[in-house]
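Inspection log for the structure reproduced underneath, given as structure tokens.
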């Protein structure tokens, strides 16, 4: 039959040669070739053992192919580079400065996994890392959460990256890239002897104690620049013999400062991203932030005592062609409205603006730069809310009340009016934000101006020549806030400034003879302590050399003393 030499089983020699055919032709084809061996993704490409301090070396690829890298253990690749100056896989020239530290994530069992989806890595997963951060991901996670949404940010530290920064470690569709038979050091049988390893500067370094692979890479880079070997980190405590003892300095731990306008509840983004697939995943809960202006308004309207509320008041002078109008602005009850008026006044928006509407016995209205009654914008460029419904809001209960003009709810702009009498029907419709405290005669003159027949426009122009802000509670608040933030600042520059200021104060408490003065108020404090001591029961005698005059003793009948209730003290002794 011509096949009587073929056996019905695979012989040992065929197994040893890596042949899977029983024919002599197949045997001859496989002669001289070793079996395909794939490097596991979690092993060093040089020692073939699981890595502890992984670093990557980017390999050159053909045009159109995705960039890829080989992974080594730091303590294995550095001695090899020092001896052969080449890449163990490709044989191309290589320096230690080209090593990239990788940040793998491990679960409780010690298995490598994706840091976002927690999917355990396997030989069938496309594993990549970002060149600029070194963080390792599953390519599917990176594609779904960073590339497809076009955010192009690292999923761990939010650093931006580009497509060229994505480097492949393992591609299941490209097995040849991890074939051990094609590695340069395998073909040429290149090794680092034990004697050379013993003399290597990294021998004996505890990488974890030195701060990880990044710290060792930094030490190597410094060595390459200076030409000196990095000093190994001692693994045991020195006995200190022959060395000068050094005092340890414990650095103060910086306290993470919370933003002054942070709320006591979270923004809800983490919960929303967990329950909604349309949102980007959020792994950190953050506090919601109050708007800075709204927070300022809340702080100014918080005081309840009259003395504290006076700090929230603003004062201004409205100069007209009829005379001045001095007003008090209620920043404690209508802070947003007062802030709008103060900022417009400081910006000169009311300069040369007329009071366009006058109704004797009712009110006079102005604040419209167009002079028509249909214009005027707020400080923010859009209408803002009313404040007549706030707790403790002022009412239209007297002459000279300063209130906001509007065309309906939440339509406040720049126009305002003064009342000529109590107008309670305007309560709940217009926000009262001030009152007249000086210049009543000016208001009387304005009220006596005639109006055009059939209308309410004054015959004679009533012009606002300017508004001068005499007291601004918002500036005072900002100054207090900046001072508080400066005291709470934990930056290096702030701490240095405080230390220098403390040193200057210490100098002021030292005389030119070198003696240090006591603490301020220490003498008075000591006297107070002496006054409340036992010595208060001792009567102080007269001056030295003077006799004390004895009182005349009355030998009459001794009066019965009433018993005092309670134990009392020793003052009667």
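Note: Cβ is positioned from N, Cα and C throughout, glycine not excepted.
Checking Swiss-Prot for region 'Disordered' across the ranges 198-222, 223-247, 248-272 points to 223-247. Applying DSSP to the domain 'U-box' (37-119) sorts its residues as follows: 14 helix, 24 strand, 45 coil. Residues of the compositional bias 'Basic and acidic residues' (489-510) grouped by DSSP class, helix first, strand second and coil last, total 17 helix, 1 strand, 4 coil.
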